[in-house]
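TrEMBL has this to say about the protein:
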type	residues	note
BINDING	Gly164, Glu165, Ser166, Gly167, Ala168, Gly169, Lys170, Thr171	ATP binding site
DOMAIN	9-61	domain 'Myosin N-terminal SH3-like'
DOMAIN	70-760	domain 'Myosin motor'
DOMAIN	1525-1802	domain 'Dilute'
REGION	639-661	region 'Actin-binding'
REGION	1094-1121	region 'Disordered'
REGION	1168-1190	region 'Disordered'
REGION	1274-1296	region 'Disordered'
Amino acid sequence: KSYLETLSCFYTRVWIPDPDEVWRSAEIIKDYKEGDKSLQLKLEDETLYEYPINLQGNELPFLRNPDILVGQNDLTALSYLHEPAVLHNLKVRFLESNHIYTYCGIVLVAINPYEQLPIYEQDVIYAYSGQNMGDMDPHIFAVAEEAYKQMARDEKNQSIIVSGESGAGKTVSAKYAMRFFATVGGSASETNIEAKVLASSPIMEAIGNAKTTRNDNSSRFGKYIQIGFDKEYHIIGANMRTYLLEKSRVVFQAEDERNYHIFYQLCASSSLPEFKELGLTCAEDFFYTSQGGDTSIDGVDDADDFEKTRHAFTLLGVKESHQMTIFRIIAAILHLGNLEIQGERDGEACSVSGEDEHLSSFCSLLGVEQSQMQHWLCHRKLVTTAETYVKSMTLHQVVNARNALAKHIYAQLFSWIVQHVNKALHSTVGQHSFIGVLDIYGFETFEVNSFEQFCINYANEKLQQQFNSHVFKLEQEEYMKEGIPWTLIDFYDNQPCIDLIEAKLGILDLLDEECKVPKGTDQNWVQKLYDRHAASQHFQKPRMSNTSFIVLHFADKVEYQSEGFLEKNRDTVYEEQINILKASKYQMVADLFQEEGAVPAAALRKGTPRIKVRSASPAFKAANKEHRKTVGHQFRNSLQLLMETLNATTPHYVRCIKPNDEKLPFKFDPKRAVQQLRACGVLETIRISAAGFPSRWSYPDFFDRYRVLMNKRDLSKNDKKQICQTLLEDLIKDPDKFQFGRTKIFFRAGQVAYLEKLRADKFRAATIMIQKTVRGWLQRAKYQRLRRATLALQRYARGHLARRLYENLRRTRAAIILQKQYRMVRMRRAFLRVRNATITIQAFARGMFVRRIYRQMLMEHKATILQKFARGWLARVRLRRARAAAVVLQCHWRRLQARRQLKALRIEARSAQHLKKLNIGMENKVVQLQRKVDEQNKENKLLNEQLSMLTSAHSSEVEKLKKELQEYQQSQRGEGNQLLSLQEEMERLRMELERAHGEREVMEDSHGKERDLLRKRISDLEEENTLLKQEKEELNSRILCQSEDEFARNTVEENIQLKKELEEDRSRYQNLIKEYASLEQRYDRLMDEITIIKQTPGHRRNPSNQSSLESDSNNPSICTSEIGDTEDVIQQVEEIGMEKAAMDMTLFLKLQKRVRELELERKKLQTQLEKKEQESKKSQVVETKTEATSEHEDFAYNSLKRQELESENKKLKNELNELRKAIADHATQNNSSNNVQDSYNLLLNQLKSANEELEVRKEEVLILRSQIMKAAQQKETGKNMERISSSAGWPSSDRPIDQEDAIEAYQGVCETNRKTEDWGYLNEDGELGLAYQGLKQVARLLEEQLQNQRREHEEEMEALKNQVDSMQEELEKQQQALLQTLQLSPEVQVELGLQQEITRLTNENLDLKELLEKLENNEKKLKKQLKIYMKKVQDFEASQTVVPVERRSHKRNMQVAVQRKEKDFQGMLEYYKEDEPLLIRNLITDLKPQAVSATVPCLPAYILFMCIRHADYINDDQKVHSLLTSTINGIKKVLKKHHDDFEMTSFWLANTCRLLHCLKQYSGEEAFMTQNTAKQNEHCLKNFDLTEYRQVLGHLSIQNYQQLINIAEGILQPMIVSAVLENESIQGLSSVKPMGYRKYSSNSGEGDNSYSLDEMIRQLNSFHSIMCDQGLDPEIIQQVFKQLFYMINAVALNNLLLRKDVCSWSTGMQLRFNISQLEEWLRGKNLQQSGAAQTLEPLIQAAQLLQLKKKTSEDAEAICSLCTSLTTQQIVKILNLYTPVNEFEERVTVAFIRNIQKQLQERNDPPQLLLDFKHMFPVLFPFNPSAITMDSIHLPASLNLDFLNKV
């Protein structure tokens, strides 16, 4: 559609200008008709607005993009490309999603959040490393990765250009880019160059950054850092170039601004002792640091930053002396600013006081002469052609000169520091390529713009020109590559503005010319500008000023004030002051001010590579040489060099945006943002893109997105490209609106929005159809449900009415019957009531008359009784008063006693013991009181019974009397006297009755009171008792609960803590093993390199072997060097030679130490001999008798020994001759092999040398025999010999003596002869040394025998003690049992006796069985040894008798021997020591896993263990040590060689673990033998404990496991993202994916690296089958897959958290399906118990979060309760990234996200966003014994192990 047609649509949304928000959204509420002059709009706040339009002026409103396109990662992916769309997209991403990075074509737009975000950790760097730009969310790391990748792929240098306003975040962005390069391209050597590159940042920030009104850490200079890489793309060095340092800040700061940070850092650290001499105080005391007001920054510690700066200086190699000189210079600048300049002669002359402390400090710190500096600060030298004279300067000139000097000193110091930083970062290795990071100021415009702003904006004009040409070039390349017809796009060219500044007679040229004029002024220069450039379109003159000018830059027009331009361009410093500084006594200060020429430039360029570039425009030549000195000319040249460098590299652009001036986090000011977007060139990129075909879709993506618009006939075709062409030709009639490329479809602006509208209309129509059908079905179902309900209601209503009628009739009949019966009952009741009333009245009337008569009689009787009782009462009252007084006295006394007792009881009551006693007493009292109450109740019952009997008797008597009275009255009415007597009698009886009643009432009252008191007291006591019990129970329960809770809590916490500590220790331990393995590999590499470098052919003898051979064979005298002292040793060493002495010096020292020990032992023996001599003197008589016999026995003993030695020598000589003959024959037989012949010749030579040695020993024995014969002839010496032999006799003479022991004994006897003979004579031929050695050997034998006896005695004593202890325990048990049985009945005693006897007999039986088993085992061992010896004897006899036959039939005899050995295989393999390298090579080094795939799993481990068993069986510890060491080294070599082979690593992991299990299973430890069979227990090791080797093998297994995990992760990691997140396992979901993202040309050319989930599962199957086939333990396999699934979860989740395009509902469904496939795979492989499924929980919850509803507070609660494995940051990040798949779905609101954050505040989640995918769980190797016995293993012939013999 045309633009007007689109505008005419109802409800179309547009953008209109707004003075506050720049652009506002509105909606058309009335169709536009041709001729209308305005549009009827409705704003977002529901207000109506009439927008005027002008078709001729093209003042039409901009169309708004559909909501589905809002929030795109790339601004060029928007359908409508214009300023409001760009601003709105950035605002939505920044405020709603908190995304600070957005792509705009090749530009990365970075908005400063003014808040620390967790998106720069190491994990994020690894996540972006290796990814294509556009695949992940926009990030500075993505730009850095793109530059690094293009450098490696295209081998072309790269540049990252970071620009923006002050405070926009340029320095931080550049710092993060360098951190990325330092992490990804870390140096290969140990120079730590990447740390130095990062360490340069704090130095440059300290000396080049300052606080401004816009930024607390504003860079006041530009810098270009070149990071150099070698051919392996590791960092080897760096170089820095700086541009236009703002020197004026050193001497002047505006309000609320600061000087450079280094001044304040130094002042904050002035209290340090090393800075006392600087004379500094706080920053407020110095003029140069206090002009801006506040000298501190909130949240910044200057002292701490200063420590970081010093540390960075040290890291970069700046000497401590140079650092102190730097700080002295900075302090001197501060003192220079505080000089007090005094005006003279009305300001025409000035002076500085010589007593000014700041002047003296300045001069002393710089090492210059104070008087000279004092003079030349206020004077200047004028040189003319005729003379030279000195002139005083005015106050203003002196201040300017002082400020110029301070600026010059700081600038020179800044340059020196930059040079030394470059030296530290320079590398001697040749640089292959580099990546440059340009951190340069952005376009600036202030209220007052001076020379600095002019240079900054000039640099931005040049960079913008380069940027425009690069963007235009990329667009052209894209069109040419896709074959799109290229039409020239008109874009803004700022070359005229650049010519205005730098061309001949331009602004800079005229400024340099004016600087040459002696009296040139700023006004004259501005006037020349007016005259020269008034006609230029980029130059204007302000209306109200003649001292300023306006330049129309590409971003905005800027008015510059000319004041100070000439001064800043000249940068004048007086030569006299510089000469004084040159003469400084400090060399560094003097070097700062040497003549700069080509040297600094050469020094700067020395570290940079030569770049062969051709300038884009011709370089401007200076008019003369003096122009080079001006700042403008230098800046122009350095800028020209920078542009040449950038043009020779591939640029990448980062544009930093400042969202607000208040530095508030996540606040967006549209006005400021638009201003910066216009200035940084982002909108120009948008305009260039919009001028062509901004929207680009690949054919597959377009087909997937808009397949809903295609008909079924088109979809049946296979060519997607043709289908897309057909669809577009049908939908868009104008062919200019789109173009078909080779791989993409190009659309004009707005066409994608039109297609989205058609797609939405199609979906809306389909939705309406679905809704219509569903609603009809629902209504029909509802009608049928209502009809059925109506029929049911009618049926039930009719039944109810019928039942109600029947009930009414039944109730009517029942009512009539009830009325009849009721009336009858009522009438009868009335009659009976009247009748009863009449009878009652009569009875009451008769009774009343009788009672009146009775009362009268009673009153008269009571009167008499009252009189009687009144008199008795008066008497009792008197008695009571007396008794009460007595009671009161008693009470007072008892109260006094009670109070005293109460005090004592209170003291007792404070103790818990008393409380317990009280409770016990209270209970007893309660029981006693209860008993008392029971007794009183019984008494009360008895009294009541007696009273009732008395009352009954009394009543019966009264009745009798009444009857008698009546009878008497009837009979004797006339007798009055008798009546009176009867009345008196009756009255008397009444009184007695009343008295009895009174007594009874008194007794009842007293009894009741006492009972109530007792009950009350009992109840009180019971209550107190219950209360005490309750308190006691509560206290006990509380104590128990607290103790139980605390114990349970403590135990749980301790268990958790112990588990955590165990896991941490295990992981730390395994990490140490991993580091050790890496260091070992590195050591091996270094050794290999050393051997390659040396390249020394031939065999190098081991020095230790060489020294031992030489000392044994060539120099026997050195072997016996123990005789003499150290001087003799040194003399002998000098005679033999220094080389051999160096080899054997340690041996000599050890022997000398041993000689001293033997001397001490000899002294001890001598003392023992003396004691024996004293004892022998006492029994001298006995000795004289036995003297002859002992002498004869000793001589006989010596002669026998000599004969034995001679016979042994003969036997050995015969055996040697026989062996020599056999070897010679065998050598002649096998003379075909040169190597074998050489070895046999070597063996013959060794045998000859051994024979010669025996001859020498024989001669020595003969010499000793002659000496013994001479000694025997002397009597005195004979007595001494006798004493010595008797004292040092053999303690166990019956023990068989070996040949060596006999020789040692002879030497010991000769040692005794040495004492009585001439020392010089004996020592002529070295006999003294031999004799001393003999004495040493005798002493050793004696010491060994003594130690053996002592050890045996101690063992016997321990055994006896153990027996005594066990006997005592048994005795005590028997005594206890006896005492228990004595207390029992005789029958039970008999039973217990029988049981004890049975147990005793069973124990004895078991002991006998164990003894029998031991004897049987010993018998078996002896039989085996006998068989072995028999075999050896038979073999020896056969070899002696059948030597010629063996030559003829060698093969046949070998076969017979093999069959004989296999008859009784014991599971051991024998080999010769020289065959060990062959065994390691065939079994480990050269072995392929396929060679043993058809055999028993882990066969090499079993073979190695059988060899170890044989070495253990023959008790050869050296063989065991050598074999295990060679095995471990061989496995390490194989792992190092096949470091990327999963099969080989898995194979040796399985074999290492199996060998470890075998060493445990057959170690003989009971803990590992629980599952062994009897046969396996026979195969246990007998002699050696290999626990240490088990630990070494455990370490090797851990290294092997870690290498296996690394290989598997390296294979799986490229598959994870495409297989889990991007693969379309569920067909049809691709059409509901979010809009695609624009890919870049740099990504093309790379292959399609997409993987499906099936491919990843096949890879997992391959891993599983390999490990299972090779016999790896199931527990280790489970741990492997747990680690791999954790890595899958971490990589997929990290990618999900960094990609907006996969955070949608469809991806959540797809992801959940893929995870279910992985879980199904785990169940199929029976790995559900491994914990691998639990590691996927965060990814599962992320998928559920994408699918859940996200609207209400209930949804927020559901999300918080569900996503427990995700952190708060991860949940919020996913919600921010969530993208609707179509316009019917609503976005996640900001309020909903805030609600989620509020509910998740209580969580203590870690701050990191991404998971550590390199985290490795600590591995465990559980013991897994094998059921295979060693004798059942067969050796395949393919292993070439014929040299192994089965035992």
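Just so you know, the numbers here start at 1 and follow the chain as drawn.
The backbone N, Cα and C atoms fix where each Cβ goes, glycine too.
Annotations in TrEMBL come from automatic prediction, not curation.
Features as recorded by TrEMBL, highlighted on the structure.
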residue: Gly164; record: ATP binding site; contacts (Cβ under 8 Å, 6+ apart): Ala110, Lys170, Gly442, Arg655, Cys656, Ile657, Lys658, Gln676, Cys680
residue: Glu165; record: ATP binding site; contacts (Cβ under 8 Å, 6+ apart): Arg214, Gly442, Phe443, Glu444, Cys656, Ile657, Lys658, Gln676, Ala679
residue: Ser166; record: ATP binding site; contacts (Cβ under 8 Å, 6+ apart): Thr212, Arg214, Asn215, Ser218, Ser219, Tyr441, Gly442, Glu444
residue: Gly167; record: ATP binding site; contacts (Cβ under 8 Å, 6+ apart): Asn112, Thr212, Arg214, Asn215, Ser218, Lys658, Lys663
residue: Ala168; record: ATP binding site; contacts (Cβ under 8 Å, 6+ apart): Ala110, Asn112, Gly442, Cys656, Ile657, Lys658, Gln676
residue: Gly169; record: ATP binding site; contacts (Cβ under 8 Å, 6+ apart): Ala110, Asn112, Cys656, Lys658
residue: Thr171; record: ATP binding site; contacts (Cβ under 8 Å, 6+ apart): Glu205, Asn209, Asn217, Ser219, Asp439
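Those residues of the chain, other than Gly164, Glu165, Ser166, Gly167, Ala168, Gly169, Lys170, Thr171, with a C-beta within 8 angstroms of the mean position of the ATP site C-beta atoms are Asn112, Asn215, Ser218, Ser219, Gly442, Cys656, Lys658. Listed by sequence, the residues of this chain that lie at least six past the ends of the region 'Actin-binding' (639-661) yet keep a Cβ under 8 A from its Cβ atoms are 90, 94, 104, 106-114, 140, 143, 146-147, 150, 154, 156-165, 167-170, 173, 177, 214, 224, 241, 243, 436, 438, 442, 458-459, 462-463, 466-467, 470, 611-613, 615-616, 619, 667-669, 672-673, 676-677, 680-682. DSSP states for the domain 'Myosin N-terminal SH3-like' (9-61), grouped as helix (H, G, I), strand (E, B) and coil, give 0 helix, 24 strand, 29 coil. Mean pLDDT for the domain 'Myosin motor' (70-760) in the predicted structure: 83.
The Cβ of Lys170 (ATP binding site) has 27 other Cβ atoms within 10 Å, all protein chains considered.
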